[in-house]
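Student: So Swiss-Prot has the following annotated:
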{"type": "BINDING", "residues": "Asp89, Asp94", "note": "Mg(2+) 1 binding site"}
{"type": "BINDING", "residues": "Asp94", "note": "Mg(2+) 2 binding site"}
{"type": "BINDING", "residues": "Asn224, Ser228, Glu232", "note": "Mg(2+) 3 binding site"}
Amino acid sequence: MTTRTESPTVVQLPPVYFPTALKVHPQIELMEERGLEWMARYGFCSDPVQATRVRDSRSAHFFGYLCPKADPDRLQAAVDWGYLMFAFDDVSSDGDSSALLDIAVRIVRTLEAPDANVLPSDNPYTAPIVDLATRVHRTCAPEHVRRLVDSHTKWLLGAAWECAVRQRPSINDYLSARVMYAGAEPTFTWFQLSEAVVVPEQEITSPRVRALTEMAGTVAAIDNDLYSHGKELWTRQSRSDLSGTGLDLPSCVALRDRIVARFFELRNEVLPTASPALARYLHNLTCALRGNFEWGLETERYSNPDGNHPGAVRTLGSVSNTPSAVGPPGIPSIDWWWR
């Protein structure tokens, strides 16, 4: 339950390392208008607080920063999914793991077979999920559909783990699971669906590309922990972010800086022999690093934590041109990225 504090919560983040600038899709406003209309059509803007929470998620900006060159018509499904899944996250984080697992299995099956009729008819998420699944099957290659199903399976399994765990995890355990329940895998799969050409299987599943995908997802997850830290302080929630494992903010930043530095090092090794489809995927992964961070600082999802208190949280961030640390961090679940 949200508890209001007496004054705004202000968090000053240490500078974070980014060697590239933010890139912005030129048709964000169009995608936002379409996405909000889609959410309203399915009843997710029926009261002022709910409408504010939907709008404040800024899903069009999120994907517009991550995929700045995508066809806006193909990217619209990702934008709509973002609005819906941010709303889903708001309610699923408060439920029990058994209920989450049940709905997760039904969502995954619906993505596989839109006419499966396994989602409850009275669930507000059923109709929009079926709509998204139908659109994907109609417009995307079979390889894209399978990757979307697999990535949702991984994400929802991680979300169920987050809901079920009752003890403070080690850093190693936390990083292994965080990249799953942060939703990075389905987000990056939507990158692929926004392109007509499929990244060949032998490329997308190669160890080096898998490492790049995991690195981008882990940086996004850690940065989410950073820019949502003030929200958790304001709501007086237990520490479910990386700082809950015992790391202070400078140590969290040092860890993500190591990963960002390694990402660019490995990306530059992979790009010269990448197919055009893989090169575009790696471009979007690169944009995701800076785009996710800037979106997190901007979105009212974290500055207005419950939709009723605009400006309740202020998170101040800045960017550095040099990493605060480099090299493998000595964490078994991720050290393989440096090998």
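Note that Cβ sites are derived from N, Cα and C of the backbone, with glycine treated the same way.
I'm curious about the neighbourhood of these features; can you describe it?
Tutor: In the three-state DSSP reading, Asp89 (Mg(2+) 1 binding site) counts as helix.
Under the DSSP three-state reduction, Ser228 (Mg(2+) 3 binding site) is assigned to coil, being neither helix nor strand. Within 10 Å of the C-beta atom of Ser228 (Mg(2+) 3 binding site) sit 20 other C-beta atoms, taking all shown protein chains into account.
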Student: Are there residues of the same chain, six or more positions away from Asp89 (Mg(2+) 1 binding site), whose CB falls under 8 angstroms from its CB, and which are they?
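Tutor: Expected: Gly183.
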